[in-house]
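According to TrEMBL, the protein carries these features:
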type	residues	note
REGION	1-26	region 'Disordered'
COMPBIAS	1-11	compositional bias 'Basic residues'
ACT_SITE	D91	active site, nucleophile
BINDING	Y146	substrate binding site
DOMAIN	184-286	domain 'Pseudouridine synthase I TruA alpha/beta'
REGION	354-375	region 'Disordered'
COMPBIAS	354-364	compositional bias 'Polar residues'
Amino acid sequence: EENGHQNKRLKRGADEEDAEDQSKKSPKRKIVLLMAYSGKGYHGMQRNVGSSQFRTIEDDLVSALVQSGCIPENHGEDMKKMSFQRCARTDKGVSAAGQIVSLKVRLIDDILEKINNHLPSHIRILGLKRVTGGFNSKNKCDARTYSYMLPTFAFAHKDHDVQEEVYRLDKETLDRVNKLLSCYKGTHNFHNFTSQKGPRDPSAKRYIMEMYCGEPFVRENMEFAVIQVKGQSFMMHQIRKMIGLVIAIVKGYAAESILERSWGEEKVDVPKAPGLGLVLERVHFEKYNRRFGNDGLHEPLEWTEEEEKIAAFKEQYIYPTIINTEREEKSMANWLSTLPIHDFNSSAVEMQANNKNSKNSSDLEGSDGCGDDSD
């Protein structure tokens with residue numbers, strides 16, 4: 001038995017040495033990786049070096065890159081050494097179907113298979129492409145598309161007694177939801193849709209290209225729908241607050257006029273929908289593709305060949321996690337019960353006066369303090 005263990009150790013040592021030899025011979029090149037992951041149980045995408053108690057997606061990714069021989073160990077400790085950059089900094093609990101990271105790696109044989117062998121099944125590298133040496137996935141990104149999956153009973157009017165399992169969204173309500181979501185298109189001042197940005201901060205202005213809710217569908221006896229939003233970039237909590245305000249209007253808690261008011265300078269109380277359901281769907285590199293996509297040296301950063309794998313990953317890992325967590329933890333139902341606490345009619349002066357007089361003023365923002373869609 002002892003000899004057997006010793007032989008295994010020797011064999012493993014030899015395998016590791018072979019991998020090391022091969023990786024030393026392999027050239028270092030700038031690449032992008034197409035990533036999909038289920039974010040439940042993680043404290044977001046971005047790695048916090050030296051903080052092991054809050055596990056992130058990048059912790060698992062860097063570990064797999066080191067173990068597969070793509071990067072030396074010291075590059076894992078200092079990510080600048082491999083020019084690492086993520087396209088979007090998804091936060092706690094948020095999933096992704098089309099996250100992109102750029103970095104320098106050794107182009108070893110069977111690179112995707114080797115990286116994935118060292119990753120948990122709910123994190124997958126689905127594609128790889130070579131890019132220009134100066135490529136930075138965050139700076140070169142023109143736009144990001146997110147989706148938000150929610151149970152449709154969220155849109156039931158507050159005066160109706162609704163049974164969550166049997167509620168079905170009618171066409172008239174869906175049309176109203178889409179009319180409201182389309183109001184967000186264009187450039188608006190979203191200072192009320194994030195924290196720590198004043199109304200005159202230029203960076204609070206954001207450009208939304210499209211936003212709509214798709215046809216509802218039933219999963220495990222509960223009806224869901226998916227809202228899609230494409231924008232140049234998003235601030236912390238912005239998407240969840242955009243959706244939260246539309247839900248408040250459709251349910252009858254707020255007047256439609258609050259949308260126009262929220263883009264003005266006055267402070268408006270905007271509710272923040274739960275983080276569950278938010279997914280980074282894809283990121284867009286249109287300018288880069290026009291300049292380098294057909295130069296004969298680089299491929300355009302499009303992933304049509306990987307679309308089947310992306311769809312399969314969502315069906316296997318992302319959607320079941322959202323559905324099961326919603327059924328078990330009732331995050332949407334619990335959040336909906338907080339909407340009456342919000343004051344949708346007060347002006348900023350009235351709100352400040354109310355806050356001074358209210359013992360429960362700290363509850364106005366709701367209890368969910370994490371930002372999920374920050375870039």
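The count begins at 1 with the first shown residue.
Cβ coordinates come from backbone N, Cα and C, glycine included.
Keep in mind that TrEMBL annotations are predicted by a computer and have not been checked by a curator.
Considering only the recorded positions D91, Y146, the Cβ with the fewest other Cβ atoms within 10 Å is that of D91. With DSSP states grouped into helix (H, G, I), strand (E, B) and coil, the domain 'Pseudouridine synthase I TruA alpha/beta' (184-286) comes out at 26 helix, 33 strand, 44 coil. Cα of the residue listed as 'active site, nucleophile' to Cα of Y146 (substrate binding site): a span of 13 Å. When averaged over the domain 'Pseudouridine synthase I TruA alpha/beta' (184-286), pLDDT in the model lands at 95.
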